[in-house]
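Worksheet: the structure to be examined is printed underneath.
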Amino acid sequence: MIVKYGGNAMKSLELRRAVAAEIAALRALMPVVVVHGGGPVIERELTARGVPSEFRAGLRVTPPEAMDVVEMALSALNKALSQEVGQAVGLTGRDSALLTAEVLDPALGRVGRVTGVNAALLRTLVGAGLTPVIASVAVGADGQALNVNADTAAGAVAGALGEGIIFLTDVDGVYRAYPDPASRATHLTRAEVQAGIEAGWIAGGMIPKVQAALDALDRGAPFATIASGMGAGVLEAAARGEAGTRITA
Ligand SMILES: Nc1ncnc2c1ncn2[C@@H]1O[C@H](COP(=O)(O)OP(=O)(O)O)[C@@H](O)[C@H]1O
Ligand SMILES: CC(=O)N[C@@H](CCC(=O)OP(=O)(O)O)C(=O)O
């Protein structure tokens, strides 16, 4: 199982540690690979250095000087998360070409689109009983770092391994009538997701998330689930298909 968490499931150190404990518990049941973001940590480090940044269509415009800060911030966070998950190895996409990428759009600077995943490295680590914890920094053809949205990076890893993925966020799943949690869809097909975006009941930050889920399916993942990182036992329940919204082809 691939588990992705980012800013929303890291709003406090307490929540971050609770999520790490959930991941460690899931690992007792099945092999786990973790992919993480950390938008708020990046934001804080950019601000502290007076490096401005803006988002276009959900992606951070990343000139080279911002890329240096993104990599530094996510690498430091990666080591802390790896330690919290335990029995883990923290990596970025630059280690053993774990995530290779190409420039998505020169207008966005050093933002990457994942072109390859070193699945053999991940299988070796998992086979040795270790949990890979991957920061969403990839390596470009020029050998330099590229910034990849963490949901997208996680989807690419799930696709390459042919495993399911759970995106942990701050809502219980995809709601048909946001923000009413009673309207959570337990299951959605690709066609229903596309219809939901067109109809407007899938909106805001949920759009790039469901798009990352569809991209994961395109790349070979059997399912992609969106679930809450805020509740005890939710991750295990989502892995069983009993929590969150599971999206399948
Ligand atoms: N139909 C919907 N169901 C649930 N959440 C939705 C829906 N439409 C929009 N959202 C919004 O999407 C948010 C999750 O996306 P986002 O904040 O970008 O997550 P993350 O930072 O964890 O990647 C929710 O907090 C909610 O505000
Ligand atoms: C290109 C791009 O936008 N990269 C993201 C990577 C981190 C991320 O995605 O973190 P969350 O999971 O916390 O959102 C960024 O720079 O913020």
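Cβ atoms are placed via backbone N, Cα and C, with glycine included.
Worth saying up front: this structure is predicted, and the values here are computed from it rather than measured.
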Checklist line | TrEMBL annotation, substrate site containing Gly38, Gly39, Arg60 - matching residue among Asn118, Asn147 | finding: Asn147
Check: Other than its own, how many Cβ atoms are within 10 Å of the Cβ belonging to Lys209 (site 'Transition state stabilizer')?
Finding: 23
Check: Between Gly39 (substrate binding site) and Lys209 (site 'Transition state stabilizer'), what is the CA-CA distance rounded to a whole number of Å?
Finding: 14
Next item on the list: Enter the number of other CB atoms within 10 angstroms of the CB of Gly39 (substrate binding site).
Entry: 18
Next item on the list: Have a look around Gly38 (substrate binding site) and count the other CB atoms within 10 A of its CB, chains all included.
Entry: 25
